[in-house]
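Quick notes on the structure that follows.
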């Protein structure tokens, strides 16, 4: 009995913090979705009104389309690039420390710093990227200033800023592949592409899947970069779900509708998070 | 160890050279470009094509940026937020992980499960309710508004618990026979053994707090209380570009220094399960 008392003494601070800032907000978020909330009057129950307001907002569809487009682009670029980088780095026996240092350096920069730096690089006039393109005699781009290229420009920043973690995690996974597998493949006369396809990818598929799911969850919550670099523009081409949520909550002070949007986002992301936990649990066993 | 290729031929050196050039161009040159850019006067920065090395060196930009944006104040604010977030989180999660691992209270597994369940929740799904809770508790413009929610970190509780689980029971039993209480055992026996995992969890807690943007943006409406990230984005539109660049460099230096100092811990921590980050 005394053991339990001591144990709960040690647990008490964590229980309070989790209860107030994690468990209770989850319940409160669901409740808020069905209420009208402002700081003036006490909350009113409004049924599905918040959801109806969202569905009637043309930006709701735009935000989801943008977020999905962003997620797909981020998967093609932000998922493929770190894996290929790790495969190449795993073959190199020189300057290993230098490569690891460099690829992870951007991860340490505060996202606000990265976003403001890249905004300066993207400047269509004297910006770094167009200057380099001009110097090479290549066509320049409007980058963030055009609705056609704004989203892919954001994906490039985020890939640059975050690929270090994924690359190093893949690299660690690649190093666990038994060398004999490649030796056997060599005896069969397999080329590089066949070895990657038949050995490297199957042997690391657990890590690949885990990072894929984590990345989907992270990219769908994208906020800082569009908030700072584009503010959702041009022509609402970079309004993401989270940017819309922020507008409802902190521009219109409509916390009920913002919560309804969180609930929808949660339902969508919950599926991916659930799969992630299932997979990591299996690896622990 | 054998990998994809044998890696001795001419092709190896070609690939190595290309990778070296690409990595340097992609990850180092942009940062050097900014470092140099801050030394150039605004007129030179607007020039096309750009100058590579500054024609006129203006090292004063770093000092001017510090004074113009009052960076000293925001550095202190950010330090208070980051160090406090680390200290509060450690004070909350270390005893909790120890209790769950070694004291095995009734419903311990259920509590761990409830904590882990919060990991399934995207952090932004509770943005509004946590914000309103902070308003109710009067924690706006108070660093505790960052510290307390950050302490509810289920992943770190789990990582610590998993590490504590591997500490042999006999070691704790021996301490108990010597008359050590639960608290003494934690401080004298468990914590020293757990230094590697504590280092990893600590570094990631500080880095996460330093990098965070959305929470300080919401918690500190008062400009005087803001962190570097929030202040920089507020100053960005009306600050001369060379001063802004200098400010961005200065705000990143502590994180770069931390990385160079603890590189081994950070890179090891990445694969230890601290995947988020």
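Cβ atoms here come from the backbone N, Cα and C positions, even for glycine.
Cross-referencing B:144-160, B:161-177 with TrEMBL places the feature transmembrane segment at B:144-160. Cβ atoms under 8 Å from those of the transmembrane segment (B:144-160) belong to residues 81, 84-85, 87-89, 91-94, 96-98, 100-101, 112, 115-116, 118-119, 130, 134, 194, 197-198, 200-201, 204-205, 208-209, 212, 215-216, 219, 272-274, 276 of the same chain, restricted to positions at least 6 beyond its ends. Pairs of Cβ atoms less than 8 Å apart link the transmembrane segment (B:197-220) most often to B:74-98, out of B:12-36, B:74-98, B:110-132, B:240-262. Same-chain residues lying 6 or more positions outside the transmembrane segment (B:12-36) and placing a CB less than 8 Å from one of its CB atoms are 5, 52-54, 245, 248-249.
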